[in-house]
Amino acid sequence: MAKIRVGINGFGRIGRLVFRAGINNPDFEFVGINDLVPAKNIAYLLKYDSTHGRFDGTVEATDEGIVVNGKLIPCFAIRNPEELPWGQLEVDYVVESTGLFTTHETASKHLKAGAKRVVISAPTKDPEKVNTFVVGVNDDQYDPTKDYIVSNASCTTNCLAPIAKVINDNFGLAEGLMTTVHAMTATQPTVDGPSKKDLRGGRGAAQNIIPASTGAAKAVTLVIPELKGKLTGMALRVPTPDVSVVDLTFKTEKATSYEAICAAMKAAANGELKGVLGYTDEDVVSMDFNGRS
């Protein structure tokens, strides 16, 4: 069986971690990377990672791109996705991880460039035209005859949705309040400064716990429609480099107990959601989950 040929548009945190996660998967072959920084920077940031450690393999930069484990992967610095050589490279899937092309119209530029399908690594701004999928929750509804562009939602939605699914399937989720204790991200400054999104977002990331908005609770309804209007939430940005927490307070439609809820979560983690949802009762802390997703 031929390998799935993958191109990455945007080699930031998500793009690089997608690459790290897939480089040793025999089903995938990375055939092109597009980012506005030079190949030297791409190779360096792939090789050395302050959070996830050194890359397990060899990485070198050349005039054409980067050489990973002896294989050349062409790199481009093209602003308009329509101009990318995806067709020439016979790309099956593009991972759209710039955060810029999240509508159907803009993501379609990859299709015009010759790619067969596009996976947006962020919430779509076009939910009426671009379907959202969370693995283990609604990916069985993926229709290859029409879903040429899909969204994989946000990291918070990927955490919340499986939990909400287990609760709703077993006990009925009447209503819930979610708080995500979220690791700091690249958009936050190291020292106080102005922020386009909100005033608090410009405060020093390493010095503060910063309240912020999140669309994760609303986005869950895109993958579990019956929860529409039942969830709300907020975020707290905290000064940790990786691993976030979702704290969900909820009311069930059926009478239940803490023990029954734990049992349902454990059963799902070992059954239908194995590999998606985990369960532990050990004395762990957040960084014990670094690299687990």
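Every residue, even glycine, has its Cβ placed from backbone N, Cα and C.
The following features are taken from TrEMBL:
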DOMAIN    4-155  domain 'Glyceraldehyde 3-phosphate dehydrogenase NAD(P) binding'
BINDING   ARG13, ILE14, ASP35, ARG79, SER121  NAD(+) binding site
BINDING   SER154, CYS155, THR156, THR185, THR214, GLY215, ARG237  D-glyceraldehyde 3-phosphate binding site
ACT_SITE  CYS155  active site, nucleophile
SITE      HIS182  site 'Activates thiol group during catalysis'
ARG13, ILE14, SER154, GLY215 screened against HIS182 (site 'Activates thiol group during catalysis'), Cα within 10 Å - retained binding-site residues: none
Greatest inter-residue Cα distance in Å for the D-glyceraldehyde 3-phosphate-binding set SER154, CYS155, THR156, THR185, THR214, GLY215, ARG237: 16
SER154 (D-glyceraldehyde 3-phosphate binding site) to SER121 (NAD(+) binding site) - Cα separation in whole Å: 7
Which same-chain residues, if any, lie at least 6 apart from THR185 (D-glyceraldehyde 3-phosphate binding site) yet have Cβ under 8 Å of it: ARG13, ARG237
GLY215 (D-glyceraldehyde 3-phosphate binding site) versus ARG79 (NAD(+) binding site) - Cα distance in angstrom: 28
Under 8 Å by Cβ from THR156 (D-glyceraldehyde 3-phosphate binding site), same chain, sequence gap 6 or more: THR180, HIS182, THR214, ALA216, ALA235, SER244, VAL246
THR156 (D-glyceraldehyde 3-phosphate binding site) - helix vs strand vs coil (DSSP): helix
Cβ-based isolation winner (fewest other Cβ atoms within 10 Å) among the recorded positions ARG13, ARG79, HIS182, ARG237: ARG79
Cβ contacts of ILE14 (NAD(+) binding site) (under 8 Å, same chain, 6 or more positions away): VAL95, SER97, SER121
Alpha-carbon distance [CYS155 (D-glyceraldehyde 3-phosphate binding site); ASP35 (NAD(+) binding site)] in Å: 22
Cβ-centroid neighbours of D-glyceraldehyde 3-phosphate site SER154, CYS155, THR156, THR185, THR214, GLY215, ARG237, 8 Å, sequence order: THR180, HIS182, ALA216, ALA235, SER244
Those residues of the chain, 6+ apart, with a Cβ under 8 Å from that of GLY215 (D-glyceraldehyde 3-phosphate binding site): PRO123, SER154
Other CB atoms, at most 10 A from the CB of ASP35 (NAD(+) binding site): 22
